[in-house]
Amino acid sequence: MPQDPMDFEWSYWIEWGRERILWLLAGHLLVSQVSRLLVEKYKPWCLMVYGMAACWLLLGVRGFAVILLHAAISFAVAQFQLSLLTWLCSLILLSTLRIPAVEETKRKWYDTENEYYLLLFTVSVRCLFCTSFSLEYCWHAPTQKSSHSFPWMLAYVFYYPTFHNGPLVNFDEFSKQMRRQEAFSVKTNLSILIVGIIRIFFWWCLAELMIHLMYIHALYSSALPLESASYWALGGLALAQVLFFYVKYLVLYGVPALLLRMDGLKPPALPCCVSLMHSFTKMWRSFDVGLHRFLVRYIYVPMGGSQSSLLGTLLSTALTFAFVSYWHGGQSYLWYWGALNWLGVVVENGTKRILSISLIQDLI
């Protein structure tokens, strides 16, 4: 039975996974387990070298040079230890991905559009990792200098399981866990690997069934069936789409999360089922946990967050969603999406504040 070809993200990553990425992840797993068994002290550097080699192999010398250049520029700017300057640098580097002349130059480096898109996706995710390291560098104490060096930045930026598509792990969490040396048990790790592979295989089969049987995205691509459908049918289609999105990210984040556990690290929690969510706030906290932690630590809290005035809280939330929209591409529909999510969160939090007033509680 033919599959629904309209979900670009699923088709793209499954194709790359089958061709090369799964094999490179298997190579990372082998290097990681051997280094944990024999040279635990040097594990970060072994994984760094492997990640750089994998990047070179997939993206070529020019793609590798772009990511290394981004890291070097971010590290150089971080030396001033000014958060605002670091953010300015990060936004400028991110904006270079949208300059038409730069895009055309990068396209000429590769034979296919898929190779160019792999570079684009990888660099956009690496921008977040560079930002995380640079801000932590701005905030670190002099006693933490050794763990905030340029080699540690490279170990973080070129860590391969999270390299192309995430999930996002903040540098403070990564460095603490990577420097921690634990007892290594082949038996325990083998059981984690087997159970993890079974679960991911189940999620993948479920996603493939949805792609082959439901044709959700094909229906959305044509106006005629949507115009003739009832509101109940449209609601069912919307639910089916977000459920597929959830299952898709169980696979796309499940694979790197399994490798993180095999490396002795604690990955961000996998997405929570969307059917269990009833609020915008919970959706943002529970779906992409790594991205949520990044936004809270580096944007929301530094801007004042919930501890500031009402206007300050609204501004903190607005800037957070503005960055999310810009990072995802900055197209007009993304700004509308970000604005609607911001409005949903504001309405929810405003309602909670009103309901917390003692007079309202007495009335209830």
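Each residue, glycine too, has its Cβ placed from N, Cα and C.
Annotated transmembrane segment per TrEMBL: 20-39, 46-69, 75-95, 116-135, 150-169, 190-211, 231-252, 310-328, in sequence order.
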Contact set, same chain, for the transmembrane segment (150-169): CB under 8 Å, 6 or more residues outside the stretch: 13, 16, 21, 24-25, 28, 44-45, 47-48, 50-52, 54-55, 67, 71-72, 74-75, 118, 121-122, 125-126, 128-130, 132-133, 175, 178, 252-253, 255-257, 259-260, 263, 265, 267-268, 288-291, 293-294
Long-range neighbours of the transmembrane segment (116-135), counting only residues six or more past its ends (CB under 8 A): 12, 16, 55, 58-59, 63, 66-67, 70-71, 74-75, 77-78, 83, 86-87, 89-90, 93-94, 97, 106-107, 109-110, 148, 152-153, 156-157, 162-166, 168, 170-171, 294, 298, 327
